[in-house]
Amino acid sequence: MQAAWLLGALVVPQLLGFSHGARGADREWEGVWGGAQEEEREREALMLKHLQEALGLPAGRRDENPEGIPEDKETWGTEEDGQGEEEEEATATPYSGPSPSPTPEDTVTYILGRLAGLDAGLHQLHVRLHALDTRMVELTRGLRQLREAAGDTRDAVEALQEAQSRAEREHGRLEGCLKGLRLGHKCFLLSRDFEAQAAAQARCVARGGSLAQPADRQQMEALTRYLRAALAPYNWPVWLGVHDRRAEGLYLFENGQRVSFFAWHRAPRPEPGAGPSPAPHPLSPNQPNGGTLENCVAQASDDGSWWDHDCERRLYYVCEYPF
């Protein structure tokens with residue numbers, strides 16, 4: 001009996017020590033294997049980073065487990081802390097071996113896959129560029145059509161303006177001959193609008209005529225009777241188409257022809273046998289007397305005499321129209 005107890009006292013501590021040594025060896029092996037696995041992961045990550053830099057690709061998402069510890073190992077470690085040392089011995093989590101290192105064939109396959117993706121992206125860009133080019137051609141065609149339409153519209157507007165001008169000239173000619181004085185192949189029409197000489201000429205031209213240009217004494221006398229009857233009992237100066245703007249004393253009609261006769265106003269002469277004549281009245285001097293300051297001719301409506309005036313003075317005017 002004493003021998004049995006002695007044997008137990010010698011063997012049991014040895015067994016307990018062997019068991020504790022075995023557990024320590026397991027933990028040492030796990031530490032060494034975990035370090036090797038972490039080193040393997042770092043090597044794979046470094047190789048992937050170099051590959052991405054060589055291809056110009058963006059860096060991938062980092063490992064959610066930066067410490068390189070497998071999830072099954074973290075779970076196993078948590079359970080080990082919670083359940084104690086006895087449950088750790090009973091429960092052993094199987095370990096899956098480390099993933100193999102990528103081979104050159106895997107690297108080439110990865111590169112070819114990325115190149116295929118780039119080629120697909122370039123194809124999509126070419127399709128979009130073709131669509132944009134087609135749209136640009138359509139817009140260019142539409143712009144050209146708009147320009148052609150605008151040109152046609154401009155031509156139509158110009159044609160309408162020309163037709164309107166012709167209609168206004170024809171209307172002015174008919175109105176001048178219907179409402180004014182018809183004399184041979186001419187018609188004279190008085191306008192009671194106040195205008196400068198150039199503006200009066202422009203308005204006569206716009207209505208198909210010009211300022212009055214009496215060609216002879218007969219036309220001058222007929223125009224005098226027409227103006228006296230139209231403006232009596234008043235005396236209004238009325239613009240004629242006569243001026244000496246080109247050269248002082250050289251009087252021309254608006255059509256450029258030289259004036260062959262004149263009807264200048266003259267101051268009244270004293271009767272025979274009367275005393276010496278007084279100085280001419282300042283409001284009734286002999287004409288023309290304006291020099292270079294008065295280069296346009298107006299006719300008095302009461303006696304038909306001609307007076308030279310400043311061309312910018314605003315007066316009535318009389319137009320003539322062909323019949």
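Glycine residues also receive a Cβ, built from the backbone N, Cα and C atoms like all the rest.
Here's what TrEMBL has on this protein:
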COILED    129-170  coiled coil
COMPBIAS  60-76  compositional bias 'Basic and acidic residues'
COMPBIAS  77-90  compositional bias 'Acidic residues'
COMPBIAS  270-285  compositional bias 'Pro residues'
DOMAIN    183-320  domain 'C-type lectin'
REGION    56-106  region 'Disordered'
REGION    270-293  region 'Disordered'
SIGNAL    1-21  signal peptide
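When DSSP labels each residue, the domain 'C-type lectin' (183-320) comes out as 28 helix, 45 strand, 65 coil, counted as helix, strand and coil in that order. When pLDDT is averaged over the domain 'C-type lectin' (183-320), the result is 88.
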